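Undergrad: The feature Mg(2+) binding site is assigned by Swiss-Prot to 7, 9, 167. Sequence annotations record features per position, and here Swiss-Prot assigns active site, nucleophile to 7 based on sequence analysis.
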């Protein structure tokens, strides 16, 4: 059977609340004002370094490598210590992946989240065993939307990957650059209207994924 690759944040798990909490904990240590959940959700998608860059820019701080590294380190310490208290798996996501595996599909994960945190979250929800390959934000020099991470995930699966499943502009651009079909989960963290994102199919609940795959492969 061929392979299918998933994004993580905003596609399989609603992780923004824990990311939000970790950012605000790091800022509180220095007396910084908290961000709202909506603000932090808007910063998610391009990996931790860009998340912290956006936090600092929103605070009106000029770019500074030392400041970036310092805040990023404290954010990661808080996040890795407590990555899933407020996080939830999207309804139907686990069942959809288990069904795919039962049919013989190879399953990959391509995310801009660090591999350690990704594995930790998947393990806490009993999902880690379902993935045959995981590529994260530090696995390669490039991050999504560069196609290299998605291509590396596909290569690690040793199967023809027929679909990338994601939720955002970053994911759509990654699939397009890699020359793969893209299925858009509409309930994630995208900013643009659906019609502005290149996609081959879309779904609002993971229960719909099986039928979508069948239509795309017909």
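Heads up, the Cβ atoms here are built off N, Cα and C, so glycines get one too.
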Undergrad: At a 10 A cut-off on CB-CB distances, which of the binding-site residues 7, 9 has the highest count?
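TA: The residue with the densest Cβ neighbourhood is 7.
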Undergrad: What's the number of neighbouring CB atoms sitting within 10 A of the CB on residue 167 (Mg(2+) binding site)?
TA: 25
Undergrad: Show, in sequence order, which residues other than 7, 9, 167 on the same chain lie with their Cβ within 8 Å of the centre of the Cβ atoms of the Mg(2+) site.
TA: 8, 10, 11, 12, 45, 111, 166, 168, 171, 185, 188, 189
